[in-house]
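Peer 1: Shown below is the structure under consideration.
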Amino acid sequence: MSELVTTPSAAPPDRASDARPARREHLEGRVGVIELVLTVLAWSAPIVVVTAFTPIIVIYGGVGAPLAYAVSMGVLLLFAVGYIAMTNHISNPGAFYAYITQGLGRVPGLGASLVALLSYYLMGLGTYTFFGAMTSSVVAEVLGGPTLSWHVYTLGGIFLVGTLGYFRIDLSAKVLGVAMLLEVLIVLIFDAAVFFQGGEHGLALDSFAPSSLSSSGAPIAILFAATCFGGFEATAIFREETKDPRKTVSRATFAAVLSIGVFYILATWCLIAAYGSDKALGAATSDPVGMFPAAVTRFVGAWASDAVSILVVTSAAAATLACQNIMSRYSFSLGVDRVMPSVLGRVHPRHHSPYVSSLAVTALMTISVFVLWNQDPLALYGRIAGTGGFGVMLLMTLTSVAVVVFFRRRGNLGSAVWQTLVAPVASALGMAVVLYLALTHFKLMTGGSTREAILYQVLVWGVLAFGMLLALFYRAKRPEVYARIGRQRG
């Protein structure tokens, strides 16, 4: 394993661990830039975003909805600048966990790691329930199959994803790549149809005028747009499994933000053009779920609308697989660092995958379905996935601050001031604004009651506090474990 950035305070390895046989503690793979981009973007589920979230952004942002995506993309590109600059100096694949630890210290770092696990768990579980509900509907209504409970499809999805997650990342990358290309293709076909047919009243450019995003709902539109970019931040967690970590992670991160941002902007502009600037808001308000399928039926054909329904299911399945891979690698890093049971840090001798962590994630998801058996799957999706999304925003804000602190303490380390100070400070301010919007509109994000919103907020902040207290405990009682936090050492 390549040398990691460590601090002089790191404790020496204990002799008991030296006496044990050496065990592989790093993952392997041959994932390239394109495969990594498709792998992490599968988590954002683009066709689900266009179908379910873009109409909501139109409701709040009006014809300026494409600009909401553009603003979010700009903030996240600034985030990516500092994120990648720091990546070049940290070889630990722990992503948020590693970066916050290196920048802000082990105590907030361990707290952040548990928030990351909680956030991806909630988003993954919510996506599983969404997958089950949508599959049940599509099989019965589109494919003419039997009507089965969402639980059947959700548990089946967990088994399939768990099987793929057990093996080498290259297999998952191929599956996710195919799923991503299909859903992107159908949306691009729609975009082309609207473009060449001229939409409802021509292809107006008023969506890109700054004044188009000046309504009172614009901040909420930007908030929802920002939540649709999830996934790109996970490029660093696959670092050990790429062909050329430094180049691959850097290129994939920027490519992911740019490609998904342009994709959303174009799709939203064409969706508004399909109805006309004067009618798009009304269409989104009256039937947000049916807005995109209806436009696809009109401009492409009924077959394409059916394809969208099917691809929403495959998109959700791909997102759960991406989440499985992300969660298993976070728990793997914590296992290697001995912060969590060391068994989670085991690597499969043949597949070079974090197979124990992957099995643990599969077991957790399975148990969770049984615990939530009587819940409404779609309502549950909004509440817990929204909470998970908030957790990721919190982590991105902390990471932006960590980047600034990291380079102020160590100097620019050969990077430009733009990369180590200007862009990170700008992204920290931008992410802080987004986080504030999420805090003040949390009930809207999750769709639950005020009581539920408070409980979910307490959960996120409580987990952060618990992780920090756990780090303090390790510092006082188990200094050898404390020294490992945020860095992998055998």
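Any Cβ shown, glycine's included, is placed from N, Cα and C.
The region 'Disordered' annotation in TrEMBL covers 1-23. Summarising the annotation, TrEMBL assigns transmembrane segment to 33-61, 67-86, 107-130, 150-169, 176-196, 216-238, 250-275, 295-323, 355-373, 385-407, 416-439, 454-474.
If you look at the structure here, what lies around each of the features I listed?
Peer 2: Nonlocal intrachain contacts for the transmembrane segment (107-130), taken as residues 6+ away from its ends with a CB within less than 8 angstroms of a stretch CB, comprise 45, 48, 94-98, 100-101, 150, 154, 157-158, 230, 316, 319-320, 323-324, 326-327, 330-331, 333-334, 339, 361, 364-365, 368-369, 372, 375, 377-378, 380-385, 387-392, 394-395, 398, 459-460, 463-468, 470-472, 474-475, 485-486.
Here the transmembrane segment (150-169) has Cβ contacts under 8 Å with residues 27-29, 31, 39, 128-129, 131-133, 135-136, 139, 175, 238, 241, 317, 320-321, 324-325, 328, 348, 351-353, 355, 358-359, 361-362, 365-366, 369, 373, 377 of the same chain, all six or more residues outside its ends.
Tertiary neighbourhood of the transmembrane segment (176-196): same-chain residues 34-35, 38-39, 41-42, 45-47, 50, 203, 263, 266-267, 270-271, 273-274, 295-296, 299-300, 304, 307-308, 311, 314-315, 317-318, 321-322, selected by CB-CB distance under 8 Å and a gap of 6+ residues from either end.
Beyond the transmembrane segment (295-323), the same-chain residues lying 6 or more positions past its ends with a Cβ under 8 Å from any Cβ of the stretch are 39-40, 42-48, 51, 120, 123-124, 127-128, 130-131, 134-135, 138, 142-143, 157-158, 160-161, 164-165, 172, 175-176, 179-180, 182-183, 186, 189-190, 193-194, 197, 231, 234, 271, 274-275.
Sequence-remote contacts of a segment are chain residues at least 6 beyond its ends whose Cβ falls under 8 Å from one of its Cβ atoms, and for the transmembrane segment (355-373) they are 121, 124-125, 128-129, 151, 154-155, 158-159, 161-162, 165-166, 324-325, 327-329, 331-332, 335, 343-348, 380.
Proximity of distant same-chain residues to the transmembrane segment (385-407), defined by a Cβ-Cβ separation under 8 Å and at least 6 residues beyond the stretch ends, is recorded for 79, 82-83, 85-86, 89, 96, 99-100, 102-104, 108, 112, 115-116, 118-124, 126-127, 130, 226-227, 230, 233, 413, 415, 420-421, 424-425, 427-428, 431-432, 434-435, 438-439, 442, 445-447, 456-457, 459-460, 464.
Outside the transmembrane segment (416-439) by six or more residues, the chain places 72, 74-76, 78-79, 81-82, 84-85, 219-220, 222-223, 226, 389-390, 393-394, 396-397, 400-401, 403-404, 407-408, 445, 457 with a CB less than 8 A from a CB of the stretch.
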Peer 1: Using a cut-off of under 8 Å between C-beta atoms, tell me which stretch among 33-61, 67-86, 216-238, 454-474 contacts the transmembrane segment (250-275) the most.
Peer 2: 33-61
